[in-house]
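Quick look at what Swiss-Prot lists:
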BINDING   Q353, L393, E394, A395, A397  ADP binding site
BINDING   R664  ATP binding site
COMPBIAS  720-744  compositional bias 'Basic and acidic residues'
DOMAIN    295-502  domain 'MCM'
MOD_RES   S160  phosphoserine
MOD_RES   K293  N6-acetyllysine
MOD_RES   K547  N6-acetyllysine
MOD_RES   S611  phosphoserine
MOD_RES   S668  phosphoserine
MOD_RES   Y705  phosphotyrosine
MOD_RES   S708  phosphoserine
MOD_RES   T719  phosphothreonine
MOD_RES   T722  phosphothreonine
MOD_RES   T729  phosphothreonine
MOD_RES   S732  phosphoserine
MOD_RES   S738  phosphoserine
REGION    664-744  region 'Disordered'
MOTIF     477-480  motif 'Arginine finger'
Amino acid sequence: MAGTVVLDDVELREAQRDYLDFLDDEEDQGIYQNKVRELISDNQYRLIVSVNDLRRKNEKRANRLLNNAFEELVAFQRALKDFVASIDATYAKQYEEFYIGLEGSFGSKHVSPRTLTSCFLSCVVCVEGIVTKCSLVRPKVVRSVHYCPATKKTIERRYSDLTTLVAFPSSSVYPTKDEENNPLETEYGLSVYKDHQTITIQEMPEKAPAGQLPRSVDVILDDDLVDKVKPGDRIQVVGTYRCLPGKKGCYTSGTFRTVLIACNVKQMSKDIQPAFSADDIAKIKKFSKTRSKDVFEQLARSLAPSIHGHDYVKKAILCLLLGGVERELENGSHIRGDINILLIGDPSVAKSQLLRYVLCTAPRAIPTTGRGSSGVGLTAAVTTDQETGERRLEAGAMVLADRGVVCIDEFDKMSDMDRTAIHEVMEQGRVTIAKAGIHARLNARCSVLAAANPVYGRYDQYKTPMENIGLQDSLLSRFDLLFIMLDQMDPEQDREISDHVLRMHQYRAPGEQDGDALPLGSSVDILATDDPDFTQDDQQDTRIYEKHDSLLHGTKKKKEKMVSAAFMKKYIHVAKIIKPTLTQESAAYIAEEYSRLRSQDSMSSDTARTSPVTARTLETLIRLATAHAKARMSKTVDLQDAEEAVELVQYAYFKKVLEKEKKRKKASEDESDLEDEEEKSQEDTEQKRKRRKTHAKDGESYDPYDFSEAETQMPQVHTPKTDDSQEKTDDSQETQDSQKVELSEPRLKAFKAALLEVFQEAHEQSVGMLHLTESINRNREEPFSSEEIQACLSRMQDDNQVMVSEGIVFLI
């Protein structure tokens with residue numbers, strides 16, 4: 001642990017004089033003199049000083065500043081106030097204190113929350129991380145003024161604690177009475193307060209070691225530094241590392257809480273910008289012009305070269321990396337430009353490998369899994385601070401990936417409650433929190449790339465895609481594209497895949513030694529707030545194409561060149577900036593194809609539809625066409641871009657491949673076989689029933705409440721074979737007579753109403769013909785003849801309303 005040296009007055013004045021000489025650089029370059037004048041003109045009170053400049057001018061003082069921060073910063077701030085007073089005395093009286101912020105190269109003191117140990121206490125350190133929690137901004141009293149009405153005196157009191165630079169904190173007791181127990185009144189207008197906020201930063205997920213929880217550290221922000229950051233921001237904090245004693249009751253425990261008292265907060269870029277040189281820009285322009293016809297195909301072919309096949313999926317992922325155009329309309333509505341993709345398929349079809357490639361290629365990507373993520377873990381959570389008890393807002397994965405990509409593996413393993421939480425993020429690009437007295441809105445403008453397995457583990461070809469997917473339509477419509485990746489048995493394709501995988505295992509990177517373990521995602525860390533080698537990186541040459549390797553690229557033709565990963569990142573970064581506009585021709589084509597997709601969706605029910613065709617599909621077509629135009633570095637979305645977008649949507653929505661047609665034929669053959677078997681079984685049962693009826697006794701009646709026999713027996717009850725030929729002739733004569741009688745519709749309706757009354761009065765399901773005739777013609781002006789009754793009953797029999805058997809009418 002670095003020992004803290006308490007400066008006496010002589011050393012403090014000497015340090016103050018050294019810092020004043022450093023700021024007064026009029027005879028040198030006048031950098032800080034100009035900065036102080038700008039500070040006065042901008043009405044600011046914090047000066048940003050580079051440690052590199054101080055190290056060049058006074059190396060001894062710079063080392064003392066880094067190792068003994070509290071006393072040195074107090075001297076530095078006093079020197080700044082004296083220097084401001086020498087330039088503008090009236091401005092120096094406006095503020096009680098002026099503050100110093102540091103930047104530059106900190107060397108070994110440029111750390112992460114994991115490497116921030118006790119040896120850095122009382123030192124100036126620079127910590128990188130992601131903001132995960134932010135407390136509310138609260139006023140903190142610095143000086144209170146109290147008035148005593150009895151004595152007519154005014155009492156002033158200053159407050160300092162361990163979060164200030166003063167070496168000895170004062171008592172925190174707020175005075176209410178003077179020495180003579182006279183009550184005091186607080187003069188709030190004369191009291192001085194400062195803003196106070198506490199944030200928590202967590203180490204970068206890409207720098208955290210695998211298998212270990214990410215570390216975090218609390219940062220205290222005061223005055224002008226508050227509200228500079230929000231959850232999800234990647235920042236560099238320069239400040240003093242200090243320990244605070246942990247109190248339990250009236251005693252101080254042996255464990256200490258450490259905080260970082262910030263003096264400068266620098267926001268790192270949302271998009272990690274690669275270093276561009278003039279040569280890189282020239283190569284990007286040349287590549288887009290020379291390959292203007294097939295630039296999209298070339299980039300998609302070079303995407304994830306270690307994965308064989310999946311051409312349409314690679315094109316879609318390239319569109320996801322490029323993105324559409326985000327629009328904020330005048331009426332306040334938001335149209336997202338991010339593209340969301342869902343990959344569903346059998347195991348071992350490289351879904352997770354495609355996700356991993358996006359993690360390495362996208363400028364900002366956050367990986368999560370379905371089982372290891374909750375709804376609030378993906379969006380945002382409101383937590384309670386253990387010490388103060390106040391509410392805090394904690395950012396989730398989608399908020400941390402703002403302006404980036406969220407890769408969710410095992411998407412089907414999430415619960416429905418957790419999946420519902422991301423609905424707003426996927427469409428509106430923001431997270432709205434309204435709970436525990438906190439109403440906040442966080443930006444989460446990120447693309448979602450999810451991978452999932454079908455409901456049955458493997459894709460069942462005899463079920464519809466919607467049954468295999470098993471996700472609700474409200475979620476599927478938010479995905480722009482949904483790809484079904486099948487593991488099909490094709491000897492030729494299997495041979496190509498096996499050859500490709502074996503070549504990947506035989507490849508060894510240049511300079512790799514035998515038995516060396518390769519570090520995952522290792523890179524050189526820059527131990528400064530600014531990249532000192534930025535100009536040197538600019539001069540490095542970026543190759544457009546990869547050097548041909550027989551193991552990596554196989555025995556392909558020399559014409560099929562692979563774009564290098566470094567050039568791909570730079571090209572995508574430049575292409576994302578372009579905002580192409582729709583032409584009239586492409587807009588008309590997209591509208592026509594959208595209406596055709598809707599009609600195709602409603603007309604052909606046997607088509608293998610993967611997701612619903614809604615109004616969001618129209619926006620999907622526009623986003624995909626815009627991304628294709630970005631790949632061409634075009635300022636307009638032309639007809640060829642719209643055609644490519646429609647082709648992608650047709651492939652993803654309807655799966656128009658030959659295998660699907662074979663499956664439909666096979667399914668139809670199976671259905672015809674089933675129908676033949678059913679017909680045979682029906683014939684067999686009818687023959688059995690005929691045999692039973694021939695052996696039945698004479699006069700045996702049909703029981704309408706016996707459902708043991710099938711419905712096919714019912715029409716045979718009309719003409720039982722046990723009846724003699726005389727009854728058959730009578731029945732035939734009756735039917736002939738009924739056919740001769742002409743019935744009018746009012747007459748038929750009257751008969752139906754009278755028949756219903758007869759059944760209701762009898763409270764039975766069957767009535768004899770004689771009783772029926774008497775009941776219908778009772779008290780009727782125009783009675784029904786027997787021919788009319790037979791005609792009405794035959795009409796109702798044809799409509800399956802009644803059944804007549806052996807002089808008994810049954811109500812169906």
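Using N, Cα and C of the backbone, Cβ positions are placed for all residues, glycine too.
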Helix, strand, coil: count each for the residues of the motif 'Arginine finger' (477-480), based on DSSP.
0 helix, 0 strand, 4 coil
Hey, does DSSP put A397 (ADP binding site) in a helix, a strand, or just coil?
helix
Taking every protein chain shown into account, which of the recorded positions Q353, S611 has the largest tally of Cβ atoms within 10 Å of its Cβ?
S611
What does DSSP say about Q353 (ADP binding site): helix, strand or coil?
helix
What are the sequence-distant neighbours of A395 (ADP binding site), meaning same chain, six or more residues apart, C-beta distance under 8 angstroms?
I130, V131, T132, K133, P231, G232, A380, L442
Whole-number answer please: how many Å between the C-alpha atoms of S160 (phosphoserine) and L393 (ADP binding site)?
28
Validating a neighbour-count step here. Other CB atoms within 10 A of the CB of S160 (phosphoserine): how many?
15
Cβ neighbour count (within 10 Å, all chains shown) around E394 (ADP binding site):
17
